[in-house]
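Asks: Structure incoming, see below.
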Amino acid sequence: MVVVAAAPSAASAAPKVLLLSGQPASGGRALPLMVPGPRAAGSEASGTPQARKRQRLTHLSPEEKALRRKLKNRVAAQTARDRKKARMSELEQQVVDLEEENQKLQLENQLLREKTHGLVIENQELRTRLGMNALVTEEVSEAESKGNGVRLVAGSAESAALRLRAPLQQVQAQLSPPQNIFPWILTLLPLQILSLISFWAFWTSWTLSCFSNVLPQSLLIWRNSQRSTQKDLVPYQPPFLCQWGPHQPSWKPLMNSFVLTMYTPSL
């Protein structure tokens, strides 16, 4: 049996649907065939794409609709499973990378702890060699108490002591020369002070003797120069002023004589 559902109009782009079934619908399933319908002449001439409309499934039976829905659900579920699997694989790779990085950091932390322990031992030995008391701070004790969870490699203290033997010998060799030089410094320091005192006394006496020889000569020269300047002075002669004349507005002989006596220098 063949059922043909034609398009409502020739100009519409909806395809024709042909349902081919050899038996009735209850006995078997129909196979839908999608046949493209003729396009409109105006749309071919213009070449503009038309908006795709959602296909209506009014021509399908309920069984066909349910089958189509099941297929869509299967495809969606498969894509979701693939996406979830890819995400899980990515997360697993991240976990592996983080575990490797954590192991590297733990190893580095352990090596740093060993190094600090060796440095503490070296510091204590140097303090004991210098005659100072080994200082055990509270921070070191707290760090050791907190670090009990992390196990140190056995024999780390022994290896640190073996590594520190050669540096300690070098430090001892470097510290021994100053200890030998210290008595020499104590003996040479007073001699140096005495030499400085004697040099200072000699310098002061020499400068005083030089100035004592130079000062009288300079005083004599200064006195001679003062005397020569006093001898070479020209006596001051006041200008001649007429006590009475047409240039005087009034007669003041006493005031004029007083002015003359004030300006005449004493010879």
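Glycine is no exception: its Cβ is also placed from the backbone N, Cα and C atoms.
Grabbed the feature section from Swiss-Prot, which reads as follows:
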type	residues	note
DOMAIN	63-126	domain 'bZIP'
MOD_RES	S61	phosphoserine
REGION	35-60	region 'Disordered'
REGION	65-87	region 'Basic motif'
REGION	69-85	region 'Nuclear localization signal (NLS)'
REGION	91-126	region 'Leucine-zipper'
TOPO_DOM	1-180	topological domain 'Cytoplasmic'
TOPO_DOM	199-267	topological domain 'Lumenal'
TRANSMEM	181-198	transmembrane segment
Asks: Treating G and I as helix alongside H, and B as strand alongside E, what does DSSP give for the region 'Nuclear localization signal (NLS)' (69-85) in helix, strand and coil?
Replies: 17 helix, 0 strand, 0 coil
Asks: Helix, strand or coil by DSSP: which one applies to S61 (phosphoserine)?
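Replies: S61 (phosphoserine) sits in coil per DSSP, no helix or strand.
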Asks: Take the Cβ of S61 (phosphoserine) and count every other Cβ within 10 Å, whichever protein chain it belongs to.
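Replies: The answer is 14 other Cβ atoms.
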Asks: For the region 'Leucine-zipper' (91-126), what does DSSP give as the number of helix, strand and coil residues?
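Replies: Helix, strand and coil residues of the region 'Leucine-zipper' (91-126) number 36 helix, 0 strand, 0 coil.
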Asks: Mean pLDDT for the region 'Nuclear localization signal (NLS)' (69-85), rounded to an integer?
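Replies: The answer is 94, the mean pLDDT of the model over that range.
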